[in-house]
Amino acid sequence: MMFFFLFSVSGNASNPEFKKKKNSECLLRLRHEGLLNSCPAGVASCPASSCPFRSPRSPRLKLLESALLLGPRPTAGGMEFSELIRTGRAQAELLRGPGAPPLRGTLCVTGHHLLLSPGPQATSDLWLLLLRSVDSIEKRVAGDSGTITLRCKDLRVLQLDIEGVEATLDIARSIEALSSLESVITSFPFFYRPKGLRLGDAWHFHPPEHYYKRVARETNAWRLSEVNEDFSVCPSYPRAVIVPRAVDDDALARSARFRQGGRFPVLSYHHAPSGTVLLRSSQPLTGPQKRRCAEDEELLRAVLAGARPGARGFIVDTRSAQAAKQARMTGGGTEAKAAYPGWKRLHRPMERGRPLQESFVRLVEACGDLEQSMDRWLSRLEGCRWLAHVKEALSTACLAAQGMEREGACILVHGAEGTDSTLLVTSLAQLILDPLSRTMTGFQELVEREWIQAGHPFQLRCAHSAFSHARPKHEAPTFLLFLDCVWQLGRQFPLSLEFGEGLLLALFEHAYASPFGTFLCNSEKERCLCEVRTRTHSLWSGLNQPKEQRKLRNPLYVLNPLAIWPSVEPQSLRLWQGLFLRWTRPPEPSEAAWEKVWQIVTDKEKTEGSQPTVSASEPQP
Amino acid sequence: MVQESVLNTNNFKKTSRDGVNWDLSEAVPRLPGETHVADKEVIYICPFNGPIKGRVYITNYRLYLRSLETDSALILDVPLGVISRIEKMGGATSRGENSYGLDITCKDMRNLRFALKQEGHSRRDMFEILTRHAFPLAHSLPIFAFLNEEKFNVDGWMVYNPVEEYRRQGLPNHHWRITFINKCYELCDTYPSLLVVPYRASDEDLRRVATFRSRNRIPVLSWIHPENKTVIVRCSQPLVGMSGKRNKDDEKYLDVIRETNRQISKLTIYDARPNVNAVANKATGGGYESDDAYHNAELFFLDIHNIHVMRESLKKVKDIVYPNVEESHWLSSLESTHWLEHIKLVLTGAIQVADKVSSGKSSVLVHCSDGWDRTAQLTSLAMLMLDSFYRSIEGFEILVQKEWISFGHKFASRIGHGDKNHADADRSPIFLQFIDCVWQMSKQFPTAFEFNEQFLITILDHLYSCRFGTFLYNCESARERQKVTERTVSLWSLINSNKDRFKNPFYTKEINRVLYPVASMRHLELWVNYYIRWNPRIKQQQPNPVEQRYLELLALRDEYIKRLEELQLANSAKLSDPSTSPSSPSQMMPHVQTHF
């Protein structure tokens, strides 16, 4: 379909001027795609009732503003995106790297998007980029034109050649300002209303209750506790958590006070074949005085008692013994041996935070560096240490999984905060052991339960990707590392995962910038305050639409009831080319292979499906 | 084929329960023509699982070891041809457990170590027997291929017929002719008897050109582009020497080649060597085409190193993968072997050749020093990129038969079949490197090749095994003297009589698609399933699970289609009057139309 220029935002006017006929057609189209449900240009001018700044402010919202440091403070009439848009429109050429032809047309900045609408003679469709996915922006002007280089959070590098120096600078400034807005509730997911999806759908797919039902079928040693209903016991836990039946809510609350951030030990996974469990928590606050907490000790004792008489436990600390000891000086620490009989501590140091982010940045730099002498590629790849982190994560997960399956022991995993490497280990261990978590829905549930609801601070960790020049504060690619490990599993066990690389790539993209609300905020508490569940769409409902399946599913999947033990030898681990070299390699050959497999599978289904047709076509007597 | 496997567990248990008096015919697989020579109890020092007691059976073809321990089902099945060196380890007075025995170095990236009892020179027999049969040439014994009496239902020797292959390429045409000048190999003893040369060059011209090319390997056609009629021509270096000799006939001959294609005014010459090596070759009478002598040619060097560099590089690869993988600095160790870098250079060179011919519309002449190592790599890889025919199983066999075997890649010298001289400087893994490049391409284009990884590994296994005559001897004239095609079986007989095993289920036949692999280090991988296949910690699933699953799906589909057809048949039988049918069988067909 061919269509014309959409709408423009002039430098001073906040009212979008619509060219009547054609534009309304475009608007309709955009609305269909769910991109235009509310104001395209500025909130203030938006007539739509769904606009958050038009509706009366609830006291809750005010509370939220102070709680979440909502970016630029809204004015009395509400913050206007239009104030950030100086020139909304220019003629430009877009270069999308090798493989994709350049695109010419009218460039337009809106509140949430960068649009390029090709000229009337062009056959190609509108090109659109979520501003939120811009990681860094670089501008150059020469003569009477300029060039903007956009490095995106999904590692794509785009180049825009723009006519006019003023326009270039203005557009660059607008992109810069709009892509770094920190406010959650003015972010695009709150405006995104795709056709065919209903608000609230899929949000209820994976509550803790759902997983508890499964656990309850397997054992009755555990219960669902709502001690955290108002998020006061632990601000980063969901409302309900699964805990030993023998421990009451008061004891949980006391244990929580003994754990950093209130993250007391909770059930992460019940391994039915061995009757053992996987738990996660944060570090105990033993401090220099080696404090103890009777309820915390009782909790872990109850875990062993609930498993089977005489059961043992391992505490997998994701820090080195020395780091754990040092943490005592700042009030943290680790479980004293004498205080937790039956539990043995193992230290498996894993990199986190800053070093991990730096490793990611170095790797992306190396992958994008076409200048460097390629003879040094392998040692440079090694020097990035990314694959070493993959190996660490997988082998620690194997250790935890082995402890359960082979030793029949219960496992508690924690590092310091228990929101990063801890989740990496527990979620990977489940993938290794649990065939259900390797299905499409099982994996989505795992991500939802072990990452999103478990309080991995996505907003902080994924604020920037590998290109940002801003000083990293809380950024760390822990979730990406998880996805990479899953990809390695999938490569080593090509039939055992029901999903394919497509799903992992989608999760990576959406974790960093998304029109869906799933990865917004840092915890359930914040999501609740922002009303994410009622006012944004869930990524899962987006992904589970039938049209997406071909990209996401693994057509060769067969249920594998066994544990899948990955090889973590360095020669078994590969660079995830599909992600790190995604935009620099020609994708066709591997896509062709994928398509080929799909063809055969769907052919099969088609043939199956057409059987009834045959009998239906039998002449009626 | 050569494997440490646990697959035979059942068979093994049965025999071991029967007691130690094994029926040899049941215990050891034997080929027709294979004869038992000796057997002995030894300790196999497995580098991965420690010492294992077993009985070794030596035949004139293989060394076969079966574990005698109840908890191990280990089997070693090693063709004697893969052995490159046998050494005695320890002496009669050596102390320490298992310190006395034999150390066997293999050509296929592994070593074997057997410990024997120290009393009574127990290893002497085994050493002598193994040496005799692993290195038959030194003992005036025939290579096993001449004893092999296997029968297959297809004859692999019929796969390659040069006339037919040139006809497939549209040759002869009015620019190129087939000549029999080398019928008795008197023009060039390392070339095939049948050559394709420019129509305008007379046999007399060819003889004169031959005097100016190293070992008389004159420029001859390897491949012609079906549309733009540009050609790939191969030869050896010109004999320029220190004095910078020129040869009018050679210059004229290259110009004649250039003129067969009128699209571009220059002929492109790719010298596979690094520039300095080409210059250094002048000292020994060789050299390269200078600008002054060849006005209408452009010369490029492709920087590929010689056979000695490649041999040392592969040796380093073996050092870091066998028996234990160098783990702490895997990637930088791998880098320091330079193996992948050499692969990159070979692929890059081939891409340039292919691109020049296909997009540059210029004819290309490829040579190195003698034109039988790097030249064969470049022409065959470029042809594989340009011509989809060579990506089928038979096409690939023809490619190997043509560019490698018939054009005199010195397999006997490079591999050292049956030869005990393990340190021979002529040995080099050039053909392995070529197969590695093919594997890299098949990785990057998963649907473009009819064959799978197993096909490539099988070719490499029999490159050494000496079970087939395919890779024996250095050139066609020697093979003809030895009547190889009459007296031995071809490897392609084995493969073509059981093609399904070697088929890539993802293969989608495409005509005229040129494949340009990405030859950047970022996209090249070590072929773990080949180089590290002996390490049990490498998850090597055979057959490949993806292929396996895919085949299952294919079978399922076929079953459904069959059932559907049956239903349709039954259905149409019931239809007495077609006009009452709302949907005739022909209308139904689109449902079952498949995309193959």
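Going from the start of the chain as shown, residues are counted 1 onward.
Heads up, the Cβ atoms here are built off N, Cα and C, so glycines get one too.
TrEMBL lists B:156-531 with the feature domain 'Myotubularin phosphatase'.
Per TrEMBL, substrate binding site is recorded for B:N306, B:I307, B:C368, B:S369, B:D370, B:G371, B:W372, B:D373, B:R374. Cβ neighbours of B:C368 (substrate binding site) (same chain, under 8 Å, six or more residues apart in sequence): B:S236, B:Q237, B:D271, B:A272, B:R273, B:I304, B:R374, B:T375. A coil conformation is recorded for B:C368 (substrate binding site) in the three-state DSSP classification, outside any helix or strand.
If you look up TrEMBL, you'll see B:337-399 marked as domain 'Tyrosine specific protein phosphatases'.
TrEMBL lists B:C368 with the feature active site, phosphocysteine intermediate.
Residues or ranges marked as region 'Disordered' by TrEMBL: B:572-596.
For B:576-586, the entry in TrEMBL reads compositional bias 'Low complexity'.
The domain 'Myotubularin phosphatase' (B:156-531) scores a mean pLDDT of 95 in the predicted structure. Around B:N306 (substrate binding site), the same-chain residues six or more apart in sequence whose CB sits under 8 Å from its CB are B:R273, B:N277, B:S369, B:D373, B:R374, listed in sequence order.
Highlighted in sequence order, B:A272, B:T375 have their Cβ within 8 Å of the centre of the Cβ atoms of B:N306, B:I307, B:C368, B:S369, B:D370, B:G371, B:W372, B:D373, B:R374, the residues recorded for substrate, and are not part of that set. The binding-site residues in question are B:D370, B:W372, B:R374, and the one with the fewest Cβ neighbours inside 10 Å is B:D370. DSSP classifies B:R374 (substrate binding site) as helix under the three-state reduction.
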